[in-house]
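*Asks:* Have a look at this one.
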Amino acid sequence: MTSSSCPLLDLILSPADLKKLSISQLPGLAEEIRYRIISVLSQTGGHLSSNLGIVELTIALHYVFSSPKDKFIFDVGHQTYPHKLLTGRNNEGFDHIRNDNGLSGFTNPTESDHDLFFSGHAGTALSLALGMAQTTPLESRTHVIPILGDAAFSCGLTLEALNNISTDLSKFVVILNDNNMSISKNVGAMSRIFSRWLHHPATNKLTKQVEKWLAKIPRYGDSLAKHSRRLSQCVKNLFCPTPLFEQFGLAYVGPIDGHNVKKLIPILQSVRNLPFPILVHVCTTKGKGLDQAQNNPAKYHGVRANFNKRESAKHLPAIKPKPSFPDIFGQTLCELGEVSSRLHVVTPAMSIGSRLEGFKQKFPERFFDVGIAEGHAVTFSAGIAKAGNPVICSIYSTFLHRALDNVFHDVCMQDLPVIFAIDRAGLAYGDGRSHHGIYDMSFLRAMPQMIICQPRSQVVFQQLLYSSLHWSSPSAIRYPNIPAPHGDPLTGDPNFLRSPGNAETLSQGEDVLIIALGTLCFTALSIKHQLLAYGISATVVDPIFIKPFDNDLFSLLLMSHSKVITIEEHSIRGGLASEFNNFVATFNFKVDILNFAIPDTFLSHGSKEALTKSIGLDESSMTNRILTHFNFRSKKQTVGDVRV
């Protein structure tokens, strides 16, 4: 199949065009969609396994229902590439998905009326769907179809919604896309229930045996054997006496082969107009159609550009990539596990992304993956700390939002020394608005007792991790998913213990003070070099700790610096800028301040270069704004690639 040989897909400009195809043509369409996704993601990167697994189900849903009149609500939203291709987005935007000028990797209402919500977090679809369905008058109600993965049922929000379903709610069809995975392998009792009850080989085997036996009964056998759903349910009841979904008021159909579109369509047609809510259980295979993704769906959950070329080049000498901050975290965590025999690690379904597999393998009895349950992860960590054990709660910045009260009530109010390792702090680039880790300092700064810090380099990161085991209060170490600078302006022992609230001066100057957080310290040092061309000498300081703030050092520095710049990859509301500006106001310093941060808006997706330039956080833009703001310009010169 060549890049121009997607004849069926090319015909589809909207779901109405899909309905013009015969059912017999749909398997061929599924293959074309898979080819298109693999071809594009080979160039751009993106979510691969989940999208390959949901192709036939998406085709069947659009074939039976009528979007956007009927409302599709995808949980998480990263598995919507087939949905985008069937709703008029098989264009250049898809060619650049998750990249500059490309489509979002999640549902996005600004792209299409077929996308109802911005998405990115798990467990929200059922609540959103219920809110729409239960408040729309019956006479004007269209179908509402939430599409959830099995991992969503380990999320408390989904169970809360399940508990509120009304049994007389019509035109409400819940799709359970069951691939027995989220990103990493599912965990917990809910996963075990699905595995035992819905996937048990004996269930299908015994069902078929009973049907064959009944068919042999004279006169009534054929009639009895036709009642397959009732028979199937009876068999399932042998393994689970109280069927889960029916106890919550949902009729249940399934499990159904999610890759047999010819069977999916008549089943969806039969449940479409039932006067009560129903759950259709569809079994799919993550990574379907690509052997390496199907064999290792977690590895191919999200792929980088040129992943196919990397696979074919395995025989060549490997170019070892620079270790990222998560890589350093995973390595150091194993060292800490050796040093502290009581150290425990908790994560909400992010063991692979956060590089926790090494610790998990070495210390399985001290590792806990609690599933998509961020609130529980935090409060569970509080319990571990209360029992006298050191504990690190490893969590993405964007997912920590979901556990705000748990951090406040169960950790900070108790003054428990839980260590939050906040991964993916800063811009998320391709993942976009739902995943940017740029808000955590805003709410953590408001928490009494909380220590907040960010490393600029490998060695400082290791120092903070080792030091945090000695702190007696809750702490948050935030770090991005980028290569961790190996060199450091100040050399140091990785085992050096840091005290909270101590900043470091990286370079001395006289004319302007630059305070930069994290790896932006290196950008600040480069800006210092640019300013030297104008005869301007800058002092560069890494605060390291946002809370407690080093009031002593900054009071001393402001006695000799009247011009100050702050630089951070965080929202302008609540981060370094807010902390420093409040410090200046509190102690009544008379200084001219220029803050560089992320503006108070929702940022889209894109490359690092495009995003930082769009908000003026790239080196060239910052240098030129500094020259203008402080009137440092002398003669016309070129700074970087910008004429000033």
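Using N, Cα and C of the backbone, Cβ positions are placed for all residues, glycine too.
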*Asks:* Since Swiss-Prot lists H78, G120, H121, A122, A151, A152, N179 for thiamine diphosphate, which candidate among E374, E504, E510, E568 does it give for that site as well?
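*Replies:* Only hit among E374, E504, E510, E568 in Swiss-Prot's thiamine diphosphate site, alongside H78, G120, H121, A122, A151, A152, N179: E374.
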*Asks:* Work out how many Å separate N179 (thiamine diphosphate binding site) and D150 (Mg(2+) binding site) at their Cα atoms, rounded off.
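*Replies:* Per the Cα atoms, N179 (thiamine diphosphate binding site) and D150 (Mg(2+) binding site) stand 7 Å apart.
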*Asks:* Any idea what the Cα distance is from D150 (Mg(2+) binding site) over to G120 (thiamine diphosphate binding site), rounded to a whole Å?
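*Replies:* So the Cα of G120 (thiamine diphosphate binding site) lies 16 Å away from that of D150 (Mg(2+) binding site).
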*Asks:* Ranked by the number of other Cβ atoms within 10 Å of their own Cβ, which of the binding-site residues H78, H121 ranks first?
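*Replies:* Max Cβ neighbours within 10 Å, all protein chains included: H78.
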*Asks:* Around A122 (thiamine diphosphate binding site), how many other CB atoms lie within 10 A of its CB?
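*Replies:* Summing over all protein chains shown, A122 (thiamine diphosphate binding site) has 28 other Cβ atoms within 10 Å.
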*Asks:* If you count Cβ atoms within 10 Å of the Cβ of D150 (Mg(2+) binding site), leaving out that atom itself, what do you get?
*Replies:* 23
*Asks:* Excluding near sequence neighbours, so keeping only residues 6 or more apart in the same chain, what lies with its CB under 8 A of G120 (thiamine diphosphate binding site)?
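*Replies:* Set apart from G120 (thiamine diphosphate binding site) by at least 6 residues yet with Cβ under 8 Å, we have V76, G77, H78, F106, T398, D431, G432, R433, S434, H435.
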